[in-house]
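Q: After the structure tokens below, expect a handful of questions from me.
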Amino acid sequence: MVISDAEKRIPVVEMLKSGKATGSISTNMANGESLITKRCPGNDVIRSGSLRGQGWKYGSGFVDGIFPVLSPVAHQILNFVRKEVDPNNVWAALDTLPVTHETWDDLINVAVQLRLNKQWDPIALICQWILYKSSFQTDVMCYNLLIDAYGQKSLYKKAEETYVDLLQARCIPTEDTYALLIKAYCACGLLEKAEAAFVDMRKYSLPPSAIVYNAYIDGLTKAGNPQRAIEIFQRMKNDGCQPSTDTYTLLINLHGKVSSVVFGSELFCKSDLLEMPLASQSYMALKLFNEMRSQKCRPDICTYTALVNAFAREGLCEKAEEIFEQMQEDKLEPDVYTYNALMEAYSRAGFPYGAAEIFSLMRHMGCEPDRASYNIMVDAYGRAGLHEDAQAVFNEMKRLGITPTMKSHMLLLCAYSRARNVYKCEEIVNQMSESGLEPDTFVLNSMMHLYGRLGQFEKMEEVLTAMEKGPYEADISTYNILINIYGRAGFFERMEGIFQSLPTKNLKPDVVTWTSRLGAYSRKKLYARCLEIFEEMIDAGCHPDGGTAKVLLSACSSEDQIEQVTTVIRTMHKGMEAALPA
């Protein structure tokens with residue numbers, strides 16, 4: 001079918017399927033202010049609205065407070081690319097679109113909408129077509145969207161290739177380009193490549209900005225490297241780059257998620273973020289919050305929620321409520337995430353009825369609880385041993401039409417597990433299967449742990465056999481449970497047999513594995529044997545945590561032994577080599 005330039009009409013359904021027209025819709029719409037750069041064949045670039053081609057902002061979805069408004073044709077494109085998975089069919093359909101300003105607007109708005117929904121594959125197909133198959137002029141925004149899509153799927157090589165294509169097309173990379181590339185590398189654990197991209201920016205006279213530093217910090221945190229994230233934050237300040245609200249929010253979140261543990265008589269950070277003793281990670285988060293305000297950097301609702309979360313994780317409900325009130329004094333209205341964080345604080349502190357009061361307050365203030373709110377209440381009652389109340393909340397959630405997720409079932413399972421109610425736990429597992437939620441490794445591990453705690457070793461081993469033969473692969477946590485249960489029961493031979501079998505299962509002992517093994521001998525005050533295992537642990541490259549230190553200390557029978565263990569742990573924490581006591 002030939003598209004008339006005069007009418008500018010596009011086939012509707014078959015255009016997006018096979019190229020055969022069954023109907024049409026006019027694309028000759030009123031041309032309001034566009035939010036993007038419009039590019040046409042040739043060298044003409046028509047700018048309108050608030051954004052240029054490089055104006056798409058990393059991390060915000062599109063631009064803060066602005067969401068794409070889809071035209072009827074854009075809706076058709078969106079629905080089609082969500083369903084069609086064959087690249088050739090997608091590209092063939094896109095080939096039927098006229099090369100106009102409106103088409104460009106539609107395609108970019110569709111890509112942005114897909115990004116908001118985290119649908120990376122269709123974004124990649126659209127951007128590939130624009131960049132490599134269409135007659136549209138190449139644009140850095142499309143390259144950035146494509147790098148982002150690949151990065152989100154941990155396809156760092158494809159993201160890297162797209163960056164090279166960008167340079168070869170003589171497009172000038174933006175700070176967003178490097179932010180997305182760095183985050184892709186971090187997600188794959190390629191910190192050297194991330195650092196190289198960070199340095200490469202300067203070749204294009206782009207000194208790293210807060211956007212890039214934030215992406216680097218965020219990527220490192222999500223990749224499980226908080227220590228390096230702290231170092232990058234310090235470098236950011238040393239380089240004279242002013243941290244933004246997002247920067248401080250990221251760091252407050254980081255400290256809120258890192259647990260603090262006891263080393264000897266002082267409290268140290270589990271992830272070795274700092275060498276100095278500290279009160280708790282929540283107070284480190286508070287210190288950052290105060291620094292932020294001293295720098296005239298205004299916290300937003302995400303910052304306050306992160307800080308409430310930091311206190312919530314340590315069960316400091318009074319401090320969490322103080323921050324909650326401070327947020328309201330700052331003229332910020334709490335949302336469901338903030339209320340959930342405050343509820344979590346009461347839950348972890350062991351005050352389920354306090355969490356229930358916050359739940360009621362949230363509804364009274366017109367903020368509708370979400371699935372996470374109900375999950376927190378199930379957990380709050382379960383932690384307090386009130387399994388009937390946990391069940392009532394679970395039932396209420398279903399009555400309201402909120403479908404319980406795997407996590408919802410797991411929290412209810414944990415509530416009955418604490419009550420050692422095997423029958424109800426088995427019933428919940430069956431309910432999960434009936435509702436289409438197949439029990440995963442975590443659920444089966446929980447059942448193994450319950451059977452083990454109750455001394456039902458035969459059932460525990462039956463679950464293990466089912467896991468090793470079934471679709472859900474046993475992981476290191478599975479064997480950690482066995483090592484812990486057998487060790488506590490004094491079955492050292494079985495425990496050692498499990499430990500020695502790990503390499504044959506392509507599993508590497510982690511800090512929990514080693515600490516559980518140590519705990520078995522520690523309970524018998526076998527100090528010398530504990531030191532042998534501790535030395536094996538260090539030689540294997542596994543770093544001890546606070547739990548390891550506690551177990552070693554509990555193996556001590558004299559002040560001299562306590563002093564020896566404390567000295568070794570402190571010295572290791574400072575990154576210095578130390579010989580184990582003979």
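Backbone N, Cα and C define each Cβ position, glycine as well.
From TrEMBL, for reference:
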- 355-480: domain 'PROP1-like PPR' (DOMAIN)
- 139-173: repeat 'PPR' (REPEAT)
- 174-208: repeat 'PPR' (REPEAT)
- 209-243: repeat 'PPR' (REPEAT)
- 300-334: repeat 'PPR' (REPEAT)
- 335-369: repeat 'PPR' (REPEAT)
- 370-404: repeat 'PPR' (REPEAT)
- 405-439: repeat 'PPR' (REPEAT)
- 440-474: repeat 'PPR' (REPEAT)
- 475-509: repeat 'PPR' (REPEAT)
- 510-544: repeat 'PPR' (REPEAT)
Q: Take the repeat 'PPR' (174-208) and find every residue of the same chain, 6 or more past its ends, with a Cβ under 8 Å from one of its Cβ atoms.
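A: Residues 54, 56-59, 140, 143-144, 147-148, 150-152, 154-156, 159-160, 163, 166, 214-216, 218-220, 222-223, 225, 228, 236, 239, 241.
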Q: So, by DSSP, how many helix, strand and coil residues make up the repeat 'PPR' (475-509)?
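A: Its residues divide into 28 helix, 0 strand, 7 coil.
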Q: Across the repeat 'PPR' (209-243), what is the average pLDDT of the model, as a whole number?
A: 89
Q: Tell me the residue counts in helix, strand and coil for the repeat 'PPR' (139-173), as DSSP assigns them.
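A: Looking at the repeat 'PPR' (139-173) with DSSP, the answer is 26 helix, 0 strand, 9 coil.
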